[in-house]
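One structure is given below, encoded as structure tokens.
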Amino acid sequence: MSGRVLVGVKRVIDYAVKIRVKPDNSGVVTDGVKHSMNPFCEIAVEEAVKLKEKKLIKEVVAVSCGPQQAQETIRTALAMGADRGIHVEVSGKDYDALGPLQVSKILAALAKKEEAQLIILGKQAIDDDCNQTGQMTAALLDWPQGTFASEVSLEGDKVKVLREIDGGLETIKINTPAVVTADLRLNTPRYATLPNIMKAKKKKIVNVKPADLGVDVTSRLEILRVDDPPQRQAGVKVETVEDLVGKLKEAGRI
Amino acid sequence: MSFKTAVLLLPLLFTSLIIGLSIINLSACNIYIRVGTGFLQRFQSTLVVAEHNNDKLTPITLNAITAASKLGGEVSCLVAGTDCAKVVEQISKVQGVKKVLVAQHDSYKGSLPEELTPLILATQKQFSFTHICAGASAFGKNLLPRVAAKLDVAPVSDIIEIKSPDTFVRTIYAGNALSTVKCNESVKVFTVRGTSFEAASTEGGNATSENVAPSSPTGISEWLEQSLTKSDRPELTSAKVVVSGGRGLKSGENFKLLYDLADKLNAAVGASRAAVDAGFVPNDMQVGQTGKIVAPELYIAVGISGAIQHLAGMKDSKTIVAINKDPEAPIFQVADYGLVADLFKAVPEMTEALSK
Ligand SMILES: Cc1cc2nc3c(=O)[nH]c(=O)nc-3n(C[C@H](O)[C@H](O)[C@H](O)COP(=O)(O)OP(=O)(O)OC[C@H]3O[C@@H](n4cnc5c(N)ncnc54)[C@H](O)[C@@H]3O)c2cc1C
């Protein structure tokens with residue numbers, strides 16, 4: 001295989017931030033909150049760049065769907081080693097309703113347009129926790145999928161994927177073109193160095209609209225409300241192991 | 001006739017009227033009935049995609065069946081595999097299941113989504129279910145979004161509550177917010193959080209079974225092998241007691257302390273990501289946002305700080321115990337009983353205390 005890899009990158013609230021639900025229960029506060037690239041997307045970018053470094057593929061294209069700020073996320077991917085970026089601009093109400101179905105339609109359209117051989121995405125975004133986009137993109141293209149990958153090797157025109165499953169690991173071999181979604185243990189993403197950040201500024205990001213790709217972003221899912229989860233009652237500190245075991249026995253837990 | 005009985009009879013009258021009308025419409029499978037609440041609703045019928053290993057039904061399927069039963073309509077289960085007889089027998093006895101659809105073919109080896117999706121689509125075409133679901137396990141998460149995309153509908157992941165046939169609750173941001181979603185799709189495709197629904201009883205059911213034609217193999221993917229972590233302990237996601245270790249354990253060998261404690265409690269053993277990344281234990285033991293979600297009666301966190309991503313996987317446990325030497329560790333904010341101590345001293349002591 002010596003083709004092109006498309007990587008999807010999503011801008012999300014940083015994983016270390018303690019989120020706040022909006023008082024009107026319409027969603028989560030995002031204004032003025034630190035955002036960064038979804039950790040699983042970083043792993044996807046790293047994997048694509050590694051494939052390029054091994055000369056197994058020739059070009060890495062980073063794609064993000066969202067408002068203007070999505071360009072920062074693409075820049076980060078470029079600084080990590082992606083060759084060029086595509087910003088699919090979606091903003092306002094359309095962005096609020098943008099879900100995996102719409103994103104997968106966009107990615108599928110781009111994969112055809114760019115004649116990609118491989119799409120690498122993160123297995124889930126840490127904000128919506130959907131774990132759907134990769135599977136749906138594969139479906140729309142009728143390509144095979146290697147989800148929750150913790151090892152990927154290109155073997156001729158096939159991809160061998162080690163997958164994290166509930167009871168352990170499994171290995172599958174899928175035809176290319178294919179979609180792969182990255183699990184945490186696939187690799188350790190590199191930090192972008194200052195020279196690479198500077199270089200990334202010169203790399204190209206093209207701007208397109210979903211309509212340019214023939215994708216209708218209407219959603220038939222409606223978020224009725226967003227609430228805080230129930231709070232747990234404050235607990236007690238025990239002084240000794242004996243005390244702990246006694247309390248657990250009293251509570252009927254052991 | 002009192003006013004009350006009149007009100008009670010009125011919907012009944014409507015029901016027969018509407019059912020009468022819709023008989024003509026039966027082939028389109030759009031039977032409308034008047035339900036108690038007075039809303040006009042499409043008759044519910046749900047397909048649960050069964051997860052199994054050709055020998056045993058995976059327990060999360062039983063939780064998914066309970067969720068499906070809550071929708072109020074008929075529940076069918078699809079069993080696809082290379083050797084289905086045993087599982088069909090098990091599932092036929094599960095309470096709440098009306099019909100078992102069976103598809104046996106060698107191409108279903110390894111439950112590849114590329115092979116199962118065409119089968120589910122064909123089944124859907126034949127029976128026009130209003131809902132298609134599975135447990136939110138690695139199997140369900142892998143398969144259902146592929147099915148949804150083929151149906152051109154947006155799926156709903158890992159639901160924790162069903163408010164009505166089109167309204168579901170799920171968590172977002174690592175369990176730090178609850179999102180209530182209304183799904184206006186013609187077919188609702190969703191996965192079910194196992195710990196949020198009771199398991200359906202494995203006895204007392206009496207489902208009929210029916211073969212469905214296997215789809216023709218697509219052959220674009222191939223299952224090669226799996227390596228499963230073997231253990232005599234209860235399975236993590238359904239265990240009543242879970243003992244988990246984190247970075248504080250310092251090595252894989254030290255996890256033996258937790259296995260000894262777990263044996264006394266008949267508990268499963270879990271881990272934080274730090275423990276998995278450091279190679280102390282295999283990945284399938286990870287509890288959290290991106291690992292497994294557990295909600296046992298008792299969760300004992302040992303040498304785990306309690307990061308947002310870990311809490312996402314265990315916050316709904318009935319009782320939480322934390323053993324940590326750092327009194328400031330965030331885990332103490334969710335623990336019912338906290339012991340500030342060195343785990344290397346406290347854990348053997350606890351095992352000892354339980355041996356008495
Ligand atoms: C995208 C993403 C997904 C993630 N998903 C998950 C997930 O699913 N599950 C998960 O667990 N994490 C996940 N994480 C990682 C998470 O953020 C934390 O890094 C991780 O949970 C920390 O593990 P820990 O508590 O074992 O380690 P630490 O945070 O290092 O805590 C170790 C604790 O052990 C205590 N300790 C040390 N020695 C002793 C001793 N002798 N006696 C008693 N106590 C001791 C310390 O006081 C400390 O509190 C994820 C992170 C990201 C970015």
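One-based numbering along the chain as shown.
Just so it is clear, glycine is given a Cβ too, placed from its N, Cα and C backbone atoms.
Model, not experiment: these values are computed from the prediction.
Annotation comment: TrEMBL describes B:R247, B:272-273, B:286-290, B:303-310, B:N324 as FAD binding site. TrEMBL lists B:46-227 with the feature domain 'Electron transfer flavoprotein alpha/beta-subunit N-terminal'.
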Fewest-neighbour residue among binding-site residues, criterion Cβ within 10 Å, set B:Q286, B:Q289: B:Q289
Candidate with sparsest Cβ neighbourhood (10 Å radius) among B:R247, B:H310, the listed binding-site residues: B:R247
Binding-site residues among B:R247, B:Q289, B:I304, B:H310 whose Cβ lies under 8 Å from any chain A Cβ: B:Q289
DSSP three-state assignment for B:A307 (FAD binding site): coil
Fewest Cβ neighbours within 10 Å, where candidates are the binding-site residues B:I304, B:A307: B:A307
Local confidence of the prediction over the domain 'Electron transfer flavoprotein alpha/beta-subunit N-terminal' (B:46-227), expressed as mean pLDDT: 97
